[in-house]
């Protein structure tokens, strides 16, 4: 930790032995203040946890800047190592552990369209747009690789604000898509960012693009397999050894450490740690959770959520503090007008890049799922579009990885890109975040939510009885030949899209017969995924 957290003196009289203790103590105290103020503002219509943390971080940064006479606003020096090794794993693991698996996998194709295809489209638009517009604004000096990196940096979304407003039980379809896309988006952005670092940008042709796609598919499949493997191994160990008969602490420790081990193994093998720990969390919640004592089950969910919450708050708190890092601002050579133009350009490209893929891919998803689930309405598509406009921790970490060395840069162009990223994250989180609650409440009305609770899905379609599907006539002597042909086509389509034995049915039978007896979990509940 000593190489990651560097002390920035609050006072001039701090003794050497307090070089690590003082800043960490102050930072933890500010984290506690975030919890208190976040609790007091819980019912506020406009504010959420991330906005609260950024605001408190900004105020703290100003105070430290005043105490240091304008030298620096840092308590801790942030680096990509701190983020990717210590802060990101608990956030992603908790996402996989808490997700409602049935909803997630029912919408898996839609989630992959937004989280994978969407990132590629957004990266292309932002990269080309910045390459075309930045020189016109007077900002030059970025290399082709850096323009591509800018595209991936600003394609990484942060849907925390929207997820804090959406209720998983009231809007299951929307929540599942927004939540799932957020995780897959982060993984895709990181994988694509790493692929760009290895890519030969001197000649970008079809072979180069195919190579990037092959690399992504390899990383996605192997990272997922590793996460599933570690999750199954953990489940088998917990079921076989039954730690709970002696200590429930060992059960929780085993789950936490194995999850972290899966992430570190993935990074060691140069795979995607985000995907690995996410699917490890899904497998653990499906099998391992049933192999521990009742007290450990209750504790596990709260402990994992707490670790994720603290990590997210830490990140946004730091972003607020780093806004007033005078070293980077002094290093930037651009005028205020030019800087404002660059910020506006990036936000505009984010808006356009998001819209270009959300609405067409939503239409494509509706066509693909036309006989399976309720279609995504325009209002729901707007919420999905809005949910991906905020930028957050992943964008910050990738920017630091591209344009700094352990959080430090002496290059004016790199310093400019760091300040650009911080301002865009602040603007999108504060402005778009402030508007999220009223916008979602306006688009997703209470009437629609109540309708979802009684309907088959988000579109309000009433559930059909299974008997309804078997009484539909194949032919009717009272109808014309064309009507009979339409009836036959509808019934054939129904048979293909809703067969008597679906993939989910076969998986459930296989899971109950072979997987759960080995790895754990109840076999008497057929509705559980």
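Keep in mind that glycine also has a Cβ here, set from the backbone N, Cα and C atoms.
Annotations in TrEMBL come from automatic prediction, not curation.
Listed features, source TrEMBL:
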TRANSMEM  21-41  transmembrane segment
DOMAIN    31-441  domain 'Cation/H+ exchanger transmembrane'
TRANSMEM  53-70  transmembrane segment
TRANSMEM  82-99  transmembrane segment
TRANSMEM  111-134  transmembrane segment
TRANSMEM  173-196  transmembrane segment
TRANSMEM  216-237  transmembrane segment
TRANSMEM  271-290  transmembrane segment
TRANSMEM  302-321  transmembrane segment
TRANSMEM  341-362  transmembrane segment
TRANSMEM  383-403  transmembrane segment
TRANSMEM  415-435  transmembrane segment
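Count of Cβ pairs under 8 Å against the transmembrane segment (21-41): among 53-70, 216-237, 415-435, the largest is for 53-70. The transmembrane segment (53-70) makes no contact with the transmembrane segment (111-134): fewer than 3 of their CB pairs lie within 8 A, with pairs spaced 6 or more apart in sequence. Tallying C-beta pairs under 8 angstroms between the transmembrane segment (111-134) and each of 173-196, 271-290, 341-362, 383-403, 415-435 places 341-362 first. Listed as Cβ neighbours of the transmembrane segment (271-290) (distance under 8 Å, sequence separation of 6 or more from its ends, same chain) are residues 84, 88-89, 92-99, 101, 104, 183, 186-187, 190-191, 219-220, 222-224, 226-228, 230-232, 234-235, 238-239, 255, 258-260, 262-265, 297, 300, 515-516, 519-522. Sequence-distant contacts of the transmembrane segment (216-237) (same chain, six or more residues past either end, CB-CB distance under 8 Å): 116, 187-188, 191-192, 195, 254-255, 258-259, 261-262, 265-266, 269, 271-284, 287-288, 291, 518-520.
Beyond its flanks by at least six residues, the transmembrane segment (383-403) meets 50, 78-80, 83-84, 87-88, 91, 114, 118, 146, 149, 152-154, 156-163, 166, 174, 177-178, 181-182, 185-186, 189-190, 193, 312, 315-316, 319, 350-351, 354-355, 358-359, 362, 376, 409, 411, 414-415, 417-418, 421-422, 424-425, 428-429, 432-433, 436, 439-440, 443-444 of its own chain at Cβ-Cβ distances under 8 Å.
Outside the transmembrane segment (415-435) by six or more residues, the chain places 46-48, 50-51, 54-55, 139, 142, 146, 150, 153-154, 158, 161, 316, 319-320, 322-323, 327-329, 331-334, 339, 342-343, 346-347, 350, 386, 389-392, 395-396, 399-400, 402-404, 409 with a CB less than 8 A from a CB of the stretch.
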